[in-house]
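Q: The structure is given below, and queries will be raised subsequently.
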Amino acid sequence: MKGMIMLISCLMLIDVVVESKNGYIIEPKGCKYSCFWGSSTWCNRECKFKKGSSGYCAWPACWCYGLPDNVKIFDYYNNKCGK
């Protein structure tokens, strides 16, 4: 029983440590990184530069997977692009 509790505790800790987010990466002014069909290689490179696991061009902007919590992503409700 103690072993089972320890296993569950470890799994919960791993989930907290490896938690990541997905979303559109943004430029310093708050706008999404623009892309065109066929530029998924560029988006993937940009996402990995920001410590994400991968990314692709979800036209018209780069979508990233596995971003760390400190990386800002586009938020529709707090959009600062062009303001």
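Yeah, the Cβs are placed from backbone N, Cα and C, and that goes for glycine too.
What Swiss-Prot shows for this protein is this:
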- 1-20: signal peptide (SIGNAL)
- 21-82: domain 'LCN-type CS-alpha/beta' (DOMAIN)
- Cys31-Cys81: disulfide bond (DISULFID)
- Cys35-Cys57: disulfide bond (DISULFID)
- Cys43-Cys62: disulfide bond (DISULFID)
- Cys47-Cys64: disulfide bond (DISULFID)
- Cys81: cysteine amide (MOD_RES)
Q: Among the disulfide-bonded residues listed here, Cys35, Cys81, whose Cβ has the fewest other Cβ atoms inside 10 Å?
A: Cys81
Q: If you run through the domain 'LCN-type CS-alpha/beta' (21-82) with DSSP, how many residues end up as helix, strand and coil?
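A: Helix, strand, coil within the domain 'LCN-type CS-alpha/beta' (21-82): 13 helix, 21 strand, 28 coil.
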Q: Tell me, which disulfide-bonded residues from Cys31, Cys35, Cys62, Cys81 are within 10 Å of Cys47 (disulfide bond) if we use the C-alpha atoms?
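A: Those close enough are Cys62.
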Q: At 10 angstroms around each C-beta, which of the disulfide-bonded residues Cys31, Cys47, Cys57 has the fewest other C-beta atoms nearby?
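A: Across Cys31, Cys47, Cys57, these disulfide-bonded residues, the one with fewest Cβ atoms within 10 Å is Cys31.
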Q: Based on Cα coordinates, which of the following disulfide-bonded residues are within 10 Å of Cys43 (disulfide bond): Cys31, Cys35, Cys57, Cys64, Cys81?
A: Cys35, Cys57, Cys64
